[in-house]
Amino acid sequence: MTAPSKTSASPVDPSPHVAAAHDKILIVDFGSQVTQLIARRVREEGVYSEIVPFNKAEAAFAAMKPKAVILSGGPASVLDDDAPQAPLSILTAGVPILGICYGEQTLAKQLGGIVEGGHHREFGRAQIEITDDCALFDGVWEKGGKYDVWMSHGDRVTQLPEGFRGVAKAAGSPISVIADDARKFYAMQFHPEVVHTPDGAKLIRNFVRKVAGLKGDWTMRAFREEAIEKIRAQVGSGKVICGLSGGVDSAVAAVLIHEAIGDQLTCVFVDHGLLRKDEGKTVVDLFRHHYNIPLVHVDAAKLFLGELEGVSDPELKRKTIGRLFINVFEGEAKMIGGADFLAQGTLYPDVIESVSFTGGPSVTIKSHHNVGGLPERMNMQLVEPLRELFKDEVRVLGRELGLPEVFVGRHPFPGPGLAIRCPGEITAEKLEILRNADAVYIDQIRKAGLYDKIWQAFAVLLPVKTVGVMGDGRTYEYVVGLRAVTSTDGMTADFYGFEMSFLGAAATRIINEVKGVNRVVYDITSKPPGTIEWE
């Protein structure tokens, strides 16, 4: 995605259509790489949460009026002269506060405690011992018990602020959890939001439900109703165009917008010839025949494959595909005529990634949407009905809207499509081999009942041929690589541990059923050091 344009709400502006209707928690971001996980854990409790950089938090707090605040972790040291701080207006607002890692340290220091640089740094799995009871531990941890947590810190609290007591300790931090029951301030040196702290979600649940007293009334049904109202208010009698990619995000956005404004929406589906087997037909059938949404289907395969001929560099592939997509989409949009708005399936992580925790431009802005840049070129305003949602929430909304499970639950698919699953030069022959191999592999996974247990699975056509023997003859054909990973957010991933019998059966089917392949390998690289996709 490009940085949000002037037609889009600021990434740190509280979302207006949820601000008045539900209990909310504000998450003050100090730069942790896992701050998004805090928001997800809170939302799992049915409570709406938003992330804002620490230097935007005071204004966001005043506008959002949250019922509680969470201070995130971060890479800085509170001992630095220019260390980020939580706004004093938030600390004195009378709302419950939970500090995590750096959030604990700055909370303690700002309230009069002492934080020192640790001689014993803690990174990774650690064990804490509960020394006293507190509301966070209710029904989860008991006094005297020892529990696994995930630490990532150098500094530590050595003297408590007035009103606080220490309720847990660890080898590298004798005060690992602190509590001020009167003010409902709690903080911990470890990270409860990550899966490596087994009971972390339960601790966050206790803060949300028992400490803050929030009932959790934010549901996808409520979001759907409020989003429809917002779309109608924004669009009025105007026309909207939406680019469909074949993925879940744009599909859910299109169905939601169509429910709000009907045939004021026209979808444009550019088939660049790099989709999975029968994917173009699936998209057309779903939107044109099942939902009766006005749809322009553009078969641009020859154009894209012609421009990609001889291109082997993966970044040049991406740029070529992006440029062509924009050109084709823009041409179709002009032919439709009269559109005032451009719809995009922007998600909340896209919004967060466009602004760093200091409030300035982020070092890396991910280009998630092929239509980035079109609003300015075509003088259209953006409609982004999913910009407050995470990927898993979009799937829930899709089910709420009645999209078929086979569509909603499908694995992520990259914008450049099969182009980045075919390292080296792309040809129509290679794409056909790859499509067929991928279809057999996914079919085998579904038949084994494993599809929903895997974050993403796909086949890759390697740019090499190997010698083989089939029947009584020698073959010299392509190698197919199989990839399957487990993940919660795609930021990190582990390879899926198939049984050898499964891999053997999948390889046999691919070699027997897909012409042009005589060897199959399985990729057991995790992320990091590798990436999920090969290019």
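Heads up, the Cβ atoms here are built off N, Cα and C, so glycines get one too.
The annotation domain 'Glutamine amidotransferase type-1' is assigned in Swiss-Prot to 24-217. What Swiss-Prot lists as active site, nucleophile is CYS101, and the listing cites sequence analysis. Under the heading active site, Swiss-Prot lists HIS191, GLU193. If you look up Swiss-Prot, you'll see 218-410 marked as domain 'GMPS ATP-PPase'. The ATP binding site feature in Swiss-Prot is assigned to SER245, GLY246, GLY247, VAL248, ASP249, SER250, ALA251; the stated evidence is sequence analysis.
Confidence for the domain 'GMPS ATP-PPase' (218-410), expressed as mean pLDDT, is 84.
All chains included, 28 other C-beta atoms sit within 10 angstroms of the C-beta of GLU193 (active site). The two recorded residues, ALA251 (ATP binding site) and CYS101 (active site, nucleophile), show a Cα separation of 38 Å. For HIS191 (active site), the number of other Cβ atoms no farther than 10 Å from its own Cβ, over all displayed protein chains, is 22.
You'll find the Cα of VAL248 (ATP binding site) roughly 26 Å from the Cα of GLU193 (active site). Taking the C-alpha positions, the distance from GLY246 (ATP binding site) to HIS191 (active site) comes to 36 Å. When the recorded positions GLU193, SER245, ASP249, SER250 are ranked by how far their Cα is from the Cα of CYS101 (active site, nucleophile), GLU193 comes first. SER245 (ATP binding site) sits 36 Å from HIS191 (active site), taking the CA atoms of both as reference points.
Taking the centre of the Cβ atoms of SER245, GLY246, GLY247, VAL248, ASP249, SER250, ALA251 as the ATP site, the nearby residues of that chain (Cβ within 8 Å, site residues left out) are LEU244, VAL252, GLY345, PHE413. Between the CA atoms of ASP249 (ATP binding site) and HIS191 (active site) there is a gap of 30 Å. Other Cβ atoms within 10 Å of the Cβ of SER245 (ATP binding site) number 22 in total over all chains.
The CA atom of GLY247 (ATP binding site) is located 28 Å away from the CA atom of GLU193 (active site). Note on GLY246 (ATP binding site): other Cβ atoms within 10 Å of its Cβ, all shown chains, come to 22.
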